[in-house]
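What TrEMBL says about this one:
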type	residues	note
SITE	19	site 'Transition state stabilizer'
SITE	26	site 'Transition state stabilizer'
SITE	158	site 'Positions MEP for the nucleophilic attack'
SITE	213	site 'Positions MEP for the nucleophilic attack'
Ligand code: C5P
């Protein structure tokens with residue numbers, strides 16, 4: 001049977017971003033003429049890959065309603081949660097009745113504004129026939145050390161260590177159930193880890209190194225540089 005591929009985007013955007021030391025959450029900081037989250041959402045919407053984009057926003061967030069993109073017809077707002085996983089689960093619930101159990105969901109951090117349409121399509125094309133799905137990831141160019149305090153205890157074979165990026169692409173029903181079953185587990189720091197804990201084996205596909213997460217003040221200048229290079 002020929003099934004139509006349906007993809008939905010989920011954007012956790014309810015964090016405060018303490019490491020930025022800014023007067024507002026990092027997704028609302030200015031970057032190349034817009035806020036960080038406007039870039040992120042424009043890239044998701046502009047990729048043409050998604051039916052809708054569900055965004056988890058803190059209920060006390062005064063910045064979101066001020067942005068035109070919050071009223072975009074393809075954007076759904078859901079209440080954020082205590083941890084990132086709670087925010088993702090809340091956004092998934094806002095798609096209940098719209099998304100089918102076997103539709104794909106791509107979860108992407110609001111704080112990664114340099115995502116390219118090329119990476120979105122690469123991920124969907126390479127994972128759409130998978131039973132589980134997986135994530136964009138980056139290999140390490142540096143030698144990696146296991147350290148205790150400031151003492152090296154081992155050198156890690158970097159073939160086996162990858163940095164987890166987003167989007168993270170899973171089936172709607174499977175991801176919702178996995179996040180519900182692992183609720184409150186501190187080991188769940190991304191979507192893949194929730195599935196791993198339940199015994200599933202998500203895959204990786206190598207993403208672009210410019211898909212950085214805005215975490216520290218210097219990252220804004222780096223993101224601006226990458227955006228200029230991309231155009
Ligand atoms: O803090 P960190 O950079 O790891 O957050 C990753 C993403 O998760 C950010 O886009 C942030 O807004 C989101 N987040 C969330 N709800 C939380 C904590 C983080 O949506 N409670």
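Note: Cβ is positioned from N, Cα and C throughout, glycine not excepted.
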In three-state DSSP terms, residue 19 (site 'Transition state stabilizer') is classed as helix
Whole-number Å distance separating the Cα atoms of residue 26 (site 'Transition state stabilizer') and residue 19 (site 'Transition state stabilizer') is 9
The number of other Cβ atoms within 10 Å of the Cβ of residue 213 (site 'Positions MEP for the nucleophilic attack'), counted over all protein chains shown, is 16
Across all protein chains shown, the recorded sites 19, 26, 158 give the max Cβ-within-10 Å count at 26
